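J.: The structure under discussion is supplied below as structure tokens; questions concerning it will follow.
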């Protein structure tokens, strides 16, 4: 038999572990590891490759992991975890198979190499299946693993029985994920010796502690030389400076929009996927980021932490307070380039500019009607759904929009002046065109005397409305009454026999 050009050794087919990784394995997993490694060793010997030292066999037989030295531990640690989501990933598999293929090219008549390659693939696949990390659907994964293990445990074509057919399957939930193991190892290797004297929080590096202490002192040592804005930490300044340079390295693959931060890209991508992981526990409404949920919860709690120092009005968001304060200062920094109109908020400018461009980006899926603002679309869609979420607390009537409800509530706020026989005065209520109600008091009137209202209703055409009055035909000097008749289109104005107020409705000049 012709020897291969390159010798295949046991460490080429071994799955290496660090001590911390080995401690995470259950006894059944360690047993399967030992059997797989011994099987690989047997395949090497049967294929004619150089065998390992007896020390290796002794360690495997005692159930200890095959570890070369500290340098190998570091190399294996970085390679095994290269593929996220797999606890045990044998990245040397292709290299080993390539060596086996080279050996087979030199030994075309020898069948042991084919068996060795097949068994190696079989052992690697069996062990790799048990190295999968836990997914969100652990029950489905376990079922899938059991099926794959059963198929992998079928005897090979040469009639040999698989040594793992009767072994208890691995439970993937016993294994940890890459991030958990890395965090565990990092914590053990690096001591957090730098402790904050204010809150007791510990840090690995002194510079991290210094940045943290700035939060307590309020100091912002990292200042932008372009706009003067200061930051607690240097990386915050670096991200801020990208804004001045126009550098947005994170691009959305769906729409091409770019972002300063990766976190901003992650949040934006949820607008494409429709994912809303932050759910309100009160009403069930979902949000794409936690900050929006925090602001929304203030609607339920009534909390308004941002208060205007000028008028005391409260707001749920700081941006709303800043926009409100511009009313007091008179500043309107956002100017429309078309008509020169100034607005206090940037979003207000964007909406206003759509009136010039005719853009209506929010389209109804039912009838195709477009709207400038999303709230307009939401209210419009309630026409199709029949939803009327705003209910009047006075009469129970429901409305599609809050603004319509507010107008309706004004009808309940109109005060009716009831008659009062005890009152020494009479009231005349004048309803103006602009719907403002004016109440005017008149001195008490003697019975059987006409009401002189020419001064009150001069130059106006009026119609007498209200409760019926007792007709009274005046006697004596009727010159004043004649003037009143002319003013009131020949309608007799008399003093009511019971009530002492008269309601006049102004119909025009």
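Each Cβ is built from the backbone N, Cα and C atoms, and glycine gets one as well.
Below are the features listed in Swiss-Prot for this protein:
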type	residues	note
DOMAIN	8-78	domain 'KRAB'
ZN_FING	194-216	zinc finger
ZN_FING	222-244	zinc finger
ZN_FING	250-272	zinc finger
ZN_FING	278-300	zinc finger
ZN_FING	306-328	zinc finger
ZN_FING	334-356	zinc finger
ZN_FING	362-384	zinc finger
ZN_FING	390-412	zinc finger
J.: Same chain, outside the zinc finger (250-272) by at least 6, Cβ under 8 Å from its Cβ: which residues?
T.: 239, 242-243, 288-289
J.: By DSSP, what is the split of the zinc finger (278-300) into helix, strand and coil residues?
T.: 11 helix, 4 strand, 8 coil
J.: Taking residues 6+ outside the zinc finger (334-356), which of them lie with a CB under 8 Å of any CB in it?
T.: 323, 326-327, 372-373
J.: Give the nonlocal contacts of the zinc finger (362-384) in its own chain as ranges (CB under 8 Å, at least six residues past its ends).
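T.: That would be 351, 354-355, 400-401.
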J.: Who are the chain neighbours of the zinc finger (194-216) in space, where the CB to CB distance is under 8 Å and they lie at least 6 residues beyond its ends?
T.: 232-234
